[in-house]
Ligand code: ADP
Ligand code: MG
Ligand code: ZN
């Protein structure tokens, strides 16, 4: 038996106390209710004696060992009707009985209340005893299933918060688009299934595999697929569950987890968000965290403790390998690192195919068009997209998902929920100019992506939106492309300035300006695209609260800082000038487009370009 009576008592103590009060509260009034019968008026003992003397008392019933009497009396004060009255009697009232006898009043003593204390006691204990018995049964039963609530309930020991899935039911075919990671894992499945192939030639089976990649790329799915393919149990815990308020709890959880895993080998241990425990130790920011360090040390000890050939493989996932403690990455621990990235076009198409299998999709919907439109989407985003589209389809009572619902789904995932359109007003006009400004600058610049649509229907935070068709290859971006993006982003504000005047510009451009500044700053400090020259002056932001990020103070002099600011300003001013020129040169088209947009609320890219073509030439995009 895994539980002790002590632990049950500890557990049930509060329950007993609570039920005691409950019981008291619930039943006490009922028992006393039966005492006073229907007597709703009271009388003092003195008055009672007078009533006896006057011959007004007809009957006396004694209760509670003679402490209480319910009398039936009639008298002028009682409206000359027989009434039941309750009287509290003094402790010793020997004269009363004689008196009653003399007056020949009907007297009766009720013995039911002779032993109320015993009854109360039994009553009070009944519920708690029932509870303890049922609790014990529950514990005993759940202890047979590994990791059931019995585990979580055993007190004193750590609460084991890991989950166990005997069969994950996930196979490699459910994972798409991340082929390199899959290949790596197919080998691990072989380790688990046929360890003798490897041990025969003296090879050591790896103990730990670290999966690195952004959220939603299928890390958990992949880990489950290994367990599913190898047909072994899957133990999982999240790093954040190790880290507890109390020092030592995390470490004992690690011990429990490995103990349970060893009993069930071969198996997979999956530690999600390992960065929560595995962060670089000893940076001291935010105070040293003893608990976390102890947990990590325990994890390292456990990983060293089992032989490579016991058939346990620890898979851990993180989105930041750079902040992990180097001790974790040493050979013999997580010595294999597998990167899982945001899928490319082919990957997205494959993932869509997997998730489209169980959905009814119209035959003229081409998944490759969807894949084309969703660069930057993770596997989870794509799964979510198809699900959103299916929900929309059901809501519209259609029987198949069409491109329309998928489009709506994409928009919703990128920009948030659709709001209701503004009514015609000055601000709607201003927003229309702002959006058309973005769209026309984007269209007329050779290096800018094409407009996909312009809309005045609010979504999420945005009041109006201009969508551009994202280009597939986002990894290498040229200087002129960045500049084109800066100009496109400035297009909204620039149009406001020209059409409404300097004093009428609004706060609506704040997000645009943030992007503009950040792009310009990166051109100067990271990409070496300014007059300062090809210097890398800043790294990609890293969070100063996490491990190694600490040393990321800017390593340039104040003099350089001033130069950087000047360069940023120069780039933005230059782009602003050019943007203003485009707007001024095309004012007539802009006015025309704004009228159409206000009327239709959405113009799609094709139509947008057709209208512009009537007035001016659109450069061929590269
Ligand atoms: P992570 O653990 O990397 O954050 P998950 O594995 O939890 O991501 O993915 C969440 C969901 O997204 C999965 O359950 C699955 O439906 C879907 N998904 C993510 N990546 C893929 C993929 N490569 N292939 C198929 N489905 C995926
Ligand atoms: Mg996950
Ligand atoms: Zn804008």
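Cβ atoms are placed via backbone N, Cα and C, with glycine included.
Pulled from TrEMBL, these are the features on record:
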- 435: active site (ACT_SITE)
- 213, 214, 215, 216, 217, 218, 219, 220: ATP binding site (BINDING)
- 434, 438, 512: Zn(2+) binding site (BINDING)
- 205-344: domain 'AAA+ ATPase' (DOMAIN)
- 7-26: transmembrane segment (TRANSMEM)
- 117-139: transmembrane segment (TRANSMEM)
Near ligand 3, which of the binding-site residues 213, 215, 216, 512 are found, taking a Cβ distance under 6 A to any of its atoms? 512
Expressed to the nearest Å, what is the distance separating residue 215 (ATP binding site) and residue 512 (Zn(2+) binding site) at their Cα atoms? 26
Under 6 Å from ligand 2 by Cβ, which binding-site residues from 217, 219, 220, 438? 219, 220
Of 217, 218, 435, which recorded positions come close to ligand 1, meaning Cβ under 6 Å from one of its atoms? 217, 218
For residue 438 (Zn(2+) binding site), what is the secondary structure by DSSP, using just helix, strand and coil? helix
Tally of helix, strand and coil residues over the domain 'AAA+ ATPase' (205-344) according to DSSP? 55 helix, 29 strand, 56 coil
Excluding near sequence neighbours, so keeping only residues 6 or more apart in the same chain, what lies with its CB under 8 A of residue 220 (ATP binding site)? 236, 270, 272, 317
Closest by Cα to residue 216 (ATP binding site), out of the recorded positions 434, 435, 512, is 512
For residue 214 (ATP binding site), which residues of its chain lie six or more apart in sequence with Cβ-Cβ distance below 8 Å? 319, 341, 342, 378
Any idea what the Cα distance is from residue 217 (ATP binding site) over to residue 512 (Zn(2+) binding site), rounded to a whole Å? 29
Averaged over the domain 'AAA+ ATPase' (205-344), what pLDDT does the prediction give? 82
Counting other CB atoms within 10 A of each CB, which of the binding-site residues 213, 215 comes out lowest? 215
Measure the Cβ-based neighbour count of residue 438 (Zn(2+) binding site), defined as the other Cβ atoms within 10 Å of its Cβ. 28
Least crowded of the recorded positions 435, 512, counting other Cβ atoms within 10 Å of each Cβ, is 512
